[in-house]
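In Swiss-Prot this protein carries:
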BINDING   GLY206, GLU207, PRO208, GLY209, VAL210, GLY211, LYS212, THR213  ATP 1 binding site
BINDING   GLY605, PRO606, THR607, GLY608, VAL609, GLY610, LYS611, THR612  ATP 2 binding site
DOMAIN    3-146  domain 'Clp R'
REGION    6-71  region 'Repeat 1'
REGION    83-146  region 'Repeat 2'
REGION    159-340  region 'NBD1'
REGION    341-545  region 'Linker'
Amino acid sequence: MRLDRLTNKFQLALADAQSLALGHDNQFIEPLHLMSALLNQEGGSVSPLLTSAGINAGQLRTDINQALNRLPQVEGTGGDVQPSQDLVRVLNLCDKLAQKRGDNFISSELFVLAALESRGTLADILKATGATTANITQAIEQMRGGESVNDQGAEDQRQALKKYTIDLTERAEQGKLDPVIGRDEEIRRTIQVLQRRTKNNPVLIGEPGVGKTAIVEGLAQRIINGEVPEGLKGRRVLALDMGALVAGAKYRGEFEERLKGVLNDLAKQEGNVILFIDELHTMVGAGKADGAMDAGNMLKPALARGELHCVGATTLDEYRQYIEKDAALERRFQKVFVAEPSVQDTIAILRGVKERFELLHHVQITDPAIVAAATLSHRYIADRQLPDKAIDLIDEAASSIRMQIDSKPEELDRLDRRIIQLKLEQQALMKESDEASKKRLDMLNEELSDKERQYSELEEEWKAEKASLSGTQTIKAELEQAKIAIEQARRVGDLARMSELQYGKIPELEKQLEAATQLEGKTMRLLRNKVTDAEIAEVLARWTGIPVSRMMESEREKLLRMEQELHHRVIGQNEAVDAVSNAIRRSRAGLADPNRPIGSFLFLGPTGVGKTELCKALANFMFDSDEAMVRIDMSEFMEKHSVSRLVGAPPGYVGYEEGGYLTEAVRRRPYSVILLDEVEKAHPDVFNILLQVLDDGRLTDGQGRTVDFRNTVVIMTSNLGSDLIQERFGELDYAHMKELVLGVVSHNFRPEFINRIDEVVVFHPLGEQHIASIAQIQLKRLYKRLEERGYEIHISDEALKLLSENGYDPVYGARPLKRAIQQQIENPLAQQILSGELVPGKVIRLEVNEDRIVAVQ
């Protein structure tokens, strides 16, 4: 018999049988060796064949191994083993059986039939385990589905459904799928489409994270619970595993061969299987190379004939990009749109999946946490969908609580570090012999014993609390298993088991859980095991940088004295500081309009009066850093074409992928201060873009993504009307001054732009009394720089007065003061430090000498 007529799997098994014979020191390769190799072959046909025939493959393996151990062993064969006469006879019989069936190649399942028909040890073992020619022949027919073996790789295509799909109905029976809450309309629509005669293939389309895959899992659960029409009862839902289908397909045509195997197996099932293809768009173009047919085209005939019941799932963008372009594929699917659930529906979904997260993380998730996860994620996470983003919040909050439970509590950790510190000191003092050291050692020993006692008591308490928590989790896990068991009993109609669980085990476990929970509530001091709305807010703040947690007392006080904080840096300008402070307080108190930015202001005034400085002070107050603001110099946007830099270039232009300067900055940091400096210098088209930001708190970038501006403070500065402010300052009160300036502003900006700004703030010119305070603020920065180099500096009142007089200019504001400090203080100081006149460690005094500021030590 020619060995090249064996299929690939059979040839591999023969090589394995040779190795097995060598390993057992047998002189010949017996049928037993080959049968053992076939049984243990990964992805082989023999093991599933025997299972299909109702034979215990495990028992057969044991019997064959015992028979192998009884075979005669020969030492010094030198690695040369030959097939025995028995094996040659069985292989020839395989050839005969293959020819009878019209096969071009000999497949491994025929070896079992041939072994039964020939006499020998293997035939006796097979018959003892219940194998007969009749049941093996029937199992072979069932496996082949009326097909012949026409190529060497035929066996690789078998069991394709088992290799390349995941059985969702089986997972639902085992209770491994999360419960699906709501989505009744979408599941009903999917069932309606599946019940059609032709084109019975629904495709679920929706944004990422709305629960498309969950709908199919819900369908699988309904099928096993019998909550579907007669036409769908008993069906299996199989999810196609594209990763397994593509992985390892090295040669041209191998992928197509595997997919063809899946489609053939599905055809054999005669409509009893619903195939679920997640990320359906991956099928279009999969396996395509140099004009080869892709997976999408291979599916079309089966879909059109109704042989394949398929449910697809893909996102809106990918459906448009891949499926709609292929009209022939699109018409074979029926669209089922899956919308994002409302906040109320999301709360119901979260309540349904809550128990799974509690079991995994061993924590308790409170109802306020669930409500907070749904409402806060809906408001603050704009670029993702419910319920996915809310589930992620719950998951991460539970994970952080679990991490705290597993790690040592802070109180214990602090005591532990203190004990180590005291022990080190004790070791050092034991080497000393003087009286003071001995006295200190006695005191130290006393403190050490006290700390160790405290530590052991706390450790006991911590261990008891951990044990209490793990006890609760064990009961919860048992209760979950009991609920799965009652469902399984209900499906098979085992009433005795149902009553035993429903009226015996489950009430008992619930009673135990209630008792354990009460005990847990009383004793918990070191460990937190509850996820509350505060934890959800913490996680959200970490994700987005938006402070949504309840305000601590310190933050309340800080917000109430916000004006004083800002006045440390911005001198005068009370109206501007009040306007900004009130906007921030409204936002943190939850009174601001949720669909607009926190505040939008137009700062008007002469140069150098503190417009930009107030923005920096606000960023510092909110984020502890001057850099935490998006600063855009509008003088860069004077040309019409430069507007696209703010939101990103349109498709087809260079830089399209990079995104916009303004939109990208806000996407990365949604809670920020946006400063549009010198806004009147920008092109008028820029203001058209800003209208959406100021009114609705959103902006669409060049790639079509909506960017959320609702948590930003938008501040625009301008010099418009500054000449009026300079001229009439002192003559008019603030209200009249503002009215005059607004008249100038209305000539430069459109009414719809001014109308959308929360407040237009007019800055006063600075007086001499303000300049002295500003001089002190600027000198403090100089003192800080000198302190780092070891110099201490003081300025006399006369020197400060002279500096203020020299630095005051009503037209240019505070900027000339900076130049005065540079020329009159910094330049002479630099020379004296470099020449060695001023040395570190001694106080430098700045005094007036002949109308000049001099530094002396």
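Residue numbering: from 1, along the chain as shown.
Placement of Cβ uses the backbone N, Cα and C atoms for every residue, glycine included.
Here the features listed in Swiss-Prot are placed on the structure.
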residue: PRO208; record: ATP 1 binding site; Cβ neighbours (10 Å): 13
residue: GLY209; record: ATP 1 binding site; Cβ neighbours (10 Å): 17
residue: VAL210; record: ATP 1 binding site; Cβ neighbours (10 Å): 23
residue: THR213; record: ATP 1 binding site; Cβ neighbours (10 Å): 15
residue: GLY605; record: ATP 2 binding site; Cβ neighbours (10 Å): 26
residue: PRO606; record: ATP 2 binding site; Cβ neighbours (10 Å): 22
residue: THR607; record: ATP 2 binding site; Cβ neighbours (10 Å): 13
residue: GLY608; record: ATP 2 binding site; Cβ neighbours (10 Å): 21
residue: GLY610; record: ATP 2 binding site; Cβ neighbours (10 Å): 25
residue: THR612; record: ATP 2 binding site; Cβ neighbours (10 Å): 17
Candidate with sparsest Cβ neighbourhood (10 Å radius) among GLY206, GLU207, LYS212, VAL609, the listed binding-site residues: GLU207
Set of same-chain residues at least 6 away whose C-beta sits under 8 angstroms from LYS611 (ATP 2 binding site): ALA576, PHE603, GLY605, THR717, PHE763
Candidate binding-site residues PRO208, VAL210, GLY211, pick with smallest Cα gap to THR612 (ATP 2 binding site): PRO208
PRO606 (ATP 2 binding site) to GLU207 (ATP 1 binding site) - Cα separation in whole Å: 50
DSSP residue counts for the domain 'Clp R' (3-146), split into helix, strand and coil: 94 helix, 6 strand, 44 coil
Rounded inter-Cα distance in Å - THR213 (ATP 1 binding site), GLY610 (ATP 2 binding site): 56
Length of the line joining the Cα atoms of GLY209 (ATP 1 binding site) and VAL609 (ATP 2 binding site), in Å: 50
Cα distance (Å, whole number) from GLY608 (ATP 2 binding site) to PRO208 (ATP 1 binding site): 50
Shell list (ATP 1; ref centroid = CB of GLY206, GLU207, PRO208, GLY209, VAL210, GLY211, LYS212, THR213; cutoff 8 A): THR315, VAL338, GLU340, GLN385, ASP388
Other CB atoms, at most 10 A from the CB of GLY211 (ATP 1 binding site): 27
Among THR607, GLY608, VAL609, GLY610, which are recorded as binding-site residues, the nearest neighbour of GLY206 (ATP 1 binding site) by Cα: GLY610
Closest of THR607, GLY608, VAL609, GLY610 to GLY211 (ATP 1 binding site), Cα positions, binding-site residues only: GLY610
Shortest C-alpha distance to VAL210 (ATP 1 binding site) - which of the binding-site residues THR607, GLY608, VAL609, GLY610: GLY610
Closest of GLY608, VAL609, GLY610 to GLU207 (ATP 1 binding site), Cα positions, binding-site residues only: GLY610
LYS212 (ATP 1 binding site) versus GLY608 (ATP 2 binding site) - Cα distance in angstrom: 57
